[in-house]
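Worksheet: the structure to be examined is printed underneath.
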Amino acid sequence: MTVTSSAAIDIGGGGGGRRSDRLDSDRTSEDMSFIASPANESFQIGASFVDVQNESSGSIDTATATLHELNYTFGMPPVTEESENMPQNYETVVELLPGEERAPINKLTEFPIEGGSLFVTNFRIVVILKDKEVEEALRFLVFPLQDIEQIDLAIPAFIHLSLKIGRMFTICFKTAEDAALVHKILYTAFQRLNRPISSIYTSRPQDWTSKNTDNPMQSLNAFAWKFSEAVDELDRDGKLPSWLLRADSVAQEITHIDFNRLGMSEHFQISSVNENFEVCPTYPEKIIVPKGITDDDIRKGAPYRSIGRFPAVIWRCRKTRAVLMRSSQPQVGILSWRNPTDEKIIEEAVKASRIEGEEKKQFIIMDARGYTSAFANRARSGGFENTEYYQQAKLEFLGLPNIHAVRGSFNNVRTMLHNLGPNEQLLTSLQTTGWLLNLSNLLVNAANCADHLSKGHSVLVHCSDGWDRTTQVTTLAKIMLDEYYRTVKGFEELIRRDWIAFGHKLYDRQLVAFGNWGTSDERSPVFLQFLEAVRHLQREQPTLFQFTHAYLIKLAKHAYSGLFGSFLFNSHKERREAMEKCKGTLVDIWRFIGPHNEEYVNQSFDEHYTGAVKPVNVSVINLRVWHEVFADEEEHYTQIFSPKEERPLSGCTTPMNTSTSTNLVKSKSSESINSLNVDGSAKESSQQHPTCSTTPSDNTNSLPMSTSFIQQSLYQPKVRGVAAIDRDGVIRFEDDEQAMLRKKNKLRAEEIRRKDEKIEELRRRAVLDTNKVSPGQRQSYSESDVETTGTLERVMSDVSMVDPVNELPHFKPNTTWEGESGHCAYCKKEFNKLSVYVEDRQHHCRNCGRVVCEDCSKNRFSVIEEGKSVQKRACDSCYDSMHETDLKLSSSSTTTTSSSTKIENDSNVPGLDNNSDNVSENVSENAIPDIIVEEKEAEDPIKEAESPSKETKCPKTLRNFISFSPKSSMRKNKVHSRDPLKSIDEGSSSQQAESDDVLDVNEQPL
């Protein structure tokens, strides 16, 4: 076919002039890179071609190329590339959450960075690091927008991220303009998500839109609202995500659960005095109080405590009846005020724990502050209790650090982990942070509280406001004492009631205050410190906790992610008001990490263990930093402690060295806390954000070429690619030990299921077979009744071991066994020959040979076989006859009687010839004849018997009296013990008795 074409198009420079000067018909040229354009525009060509315009200008940047794809028909829209330097608009396959949308950056949904790309949504920042050789996404990094604590722009093209959960990262861009553009968008989101809670809910949070291409984050709100709206819509359409439970699966009222479980109805009651949050705005709607306290008493006593947080009962020891209470500091003031109603509430609660007739135990008041701090608060109408006003009271000061000291130590440990100095200074740097020391003090005081309760002392715990250190101490003590709170369901109720319902300021503790929104910074990782303390207990005693390490990590991440509504408010009151204004609902995290999710259930949990935890070493030397949370999820623990010069640097890295260069552009002023620390600790120093001093191109060879494969693998993620992102949109934590245990348990459960199905199939077939086959036609021989044929030497060895003195009294060896029978010889019970259960099968008495059932042959007698005592089955009739001691025969008469009986029995068996060396082939219908050992089987000389009497060799004629079982299995002679009568209960093993038939060997007197 001939194609009319125009002049050839030049698609690249080269020697020999322009390709357009050549003719299309010139097929002899080796350079076939030119592609002709057809003159007929409606003609469909079979190859791709490129139309280059503005080529004559001589500038590559101004030239444009139009790519016409395979089988192109003229008139189709072309693919145009203006410049080879222009970034392509492609999207990495990352599954978005319900309600999640990508925000365009410079009209691109995926923005290029050094070593990969990133994209931003209304929930998170996703960084994709790729392999340049294979263009494969090797690693994904996820940063929830609400988790960002600080975002800084650094010269030449860096963005530093500090996260509230403790991680720090540096993103490297190709140009400074790209870094500034992304920083502007992220900083707007940072401002929007750190507004005071009072200014957030003036409009509907669901109104976020990404249509504003200049800055799509100008109307951003917490993603939890958009996520909940999308999930509710999917639920109505029947398309709820499989990893989420329905909303009604989470109990709304949890106070009654503990009240009923602990049996508190006798002395306590649930009060609804705070139903509308009028008494205390930070307390839950329902509170447990003593029965002797009325609602009016609570209203009168609440103002005496700071913010109205009066003493409330939160737990009771079922063993000692001791009560655990919580409150805020009393309003004592300089004049030492007192309140009789407050004293009455405490007295009634303590009275319920005292047992009449026993010695009264002391009432312990644990003030989480130090004495100096508590005394200084008296100037602000605060203070501590006067023990003279409370019966048998004792006051203890715990000296735990306040939120500012906790925040300072957390910042120090975060900086230390991501900006390590020489390895020899590691322990010194860690000690300087004070983080592990604070953690140890918290665990020690919680253990002391648990010890008081276990000894029967009722305890009241409070600090200044009663929602930070108070919550930490009380919840840790409850975990140490009550096994229920160490389960997934119990730990969920503990968080929901003691932390969320009792008003821990979860939102304010993660809020970054800046600008004109307030001078006081209340952010502090109090909840994160509590989770790390629980992690230490779990690491010390892993079998006592039903939830896994991954469960705690997921809680820590979503406490700051903004995905779930569980941690977005300071109290129940704020959540209720926000939901009323927004007319929406929120998804709780418990719909995701409940006990229904096997990933968060410990496979080695000991569910039978009850009571308090075993003694735990809580000293500083036994603690370690929670690296899985504070550092990168996919870094191995060894990377943090490796030399800096051996660490690979990529497009998104952890800062490696500290720099004081002025190139760092701070987007917010450095933090400086100069307020008085009443606990006596030092001022909190301002934090300088670390930077990277070199660009990625300068460090491409930072990993030595001689590094082994094992060393290089330390820097690789455990899970490569998009599989590292979990269903909730954050990086998955891989617990290899739990994964292995889950696999083993699944295989075990599958094996049990298959065996159950097999048993059920056998039962079904047995029922069908019973209905089809008559009892007279059924013939079955148990495998236990079949024995392999032994040699003559072994038989003769058994014969030589016969000791007539030790034979059983009144024992009648049988030569004929009853054949197959459909019922028991005594109780006439029908047998099921296909049943796998011993109770439904037939058995033979090893004395008389009758066919009996399990119920009629529960007794056993003992014999000696090969020097070992073996239990044999006996029917009830034979067993009773064995107890007739008056019929006991002498050893000689027993031997004679046994021999004569054998001769008489053998003479009556069809086909048996005592004078012949051959086996008779006459087989009756109901009996199988005995088999006589032929003379050729004794080719080897018969060994001398190992008898004490040193008998001579057995004569040749003896072989005629060595008989075998009617079922063609050779019978061994039994040597019986002197004490043969032994009864075993029904639970003993009957398998041995089933498999060992009595082998009768009788010696003919010569």
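Numbering starts at 1 and runs along the chain as displayed.
Positions of Cβ are set from backbone N, Cα and C atoms, glycine also.
Here Swiss-Prot flags 1-10 (among others) as compositional bias 'Low complexity'.
As annotated by Swiss-Prot, region 'Disordered' applies to 1-29 (among others).
The annotation compositional bias 'Basic and acidic residues' is assigned in Swiss-Prot to 18-29 (among others).
Here Swiss-Prot flags 224-630 as domain 'Myotubularin phosphatase', drawing on sequence analysis.
Marked as active site, phosphocysteine intermediate by Swiss-Prot on the basis of experimental evidence: CYS463. For the recorded site, CYS463 (active site, phosphocysteine intermediate), the DSSP three-state label reads coil.
The region 'Disordered' annotation in Swiss-Prot covers 641-705 (among others).
Per Swiss-Prot, the feature compositional bias 'Polar residues' maps to 651-705.
If you look up Swiss-Prot, you'll see 818-883 marked as zinc finger, on the strength of sequence analysis. Mean pLDDT, taken over the zinc finger (818-883), works out to 81 on the 0 to 100 scale.
When other Cβ atoms within 10 Å of the Cβ of CYS856 (Zn(2+) 1 binding site) are tallied across all protein chains shown, the result is 19. The Zn(2+) 1 binding site feature in Swiss-Prot is assigned to CYS824, CYS827, CYS853, CYS856.
Residue environment of CYS878 (Zn(2+) 2 binding site) contains 22 other Cβ atoms, counted within 10 Å of its Cβ in all protein chains. Residues or ranges marked as Zn(2+) 2 binding site by Swiss-Prot: CYS845, CYS848, CYS875, CYS878.
Among the features that Swiss-Prot reports, region 'Disordered' is placed at 886-1006 (among others).
Residues or ranges marked as compositional bias 'Low complexity' by Swiss-Prot: 890-901 (among others).
Annotation source Swiss-Prot lists compositional bias 'Low complexity' at 913-926 (among others).
Positions annotated as compositional bias 'Basic and acidic residues' by Swiss-Prot: 933-954 (among others).
The compositional bias 'Basic and acidic residues' annotation in Swiss-Prot covers 976-985 (among others).
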Residues of the zinc finger (818-883) by DSSP state, where helix covers H, G and I: 10 helix, 20 strand, 36 coil
All-chain count of other Cβ atoms within 10 Å of CYS463 (active site, phosphocysteine intermediate): 27
Entry from the binding-site residues list CYS824, CYS827, CYS848, CYS853, CYS875 having the most other CB atoms no farther than 10 A: CYS875
Proximal but sequence-remote residues of the same chain as CYS845 (Zn(2+) 2 binding site) (Cβ under 8 Å, at least 6 apart): VAL852, SER857, ARG873, ALA874, CYS875, CYS878
8 Å Cβ shell about CYS824, CYS827, CYS853, CYS856 centroid, Zn(2+) 1 site members excluded: HIS823, ALA825, TYR826, LYS828, LYS829, VAL852, GLU854, ASP855, SER857
Additional residues around Zn(2+) 2, ordered along the sequence, whose Cβ is within 8 Å of the centroid of CYS845, CYS848, CYS875, CYS878: ARG846, ASN847, GLY849, ARG850, VAL852, SER857, ALA874, ASP876, SER877, TYR879
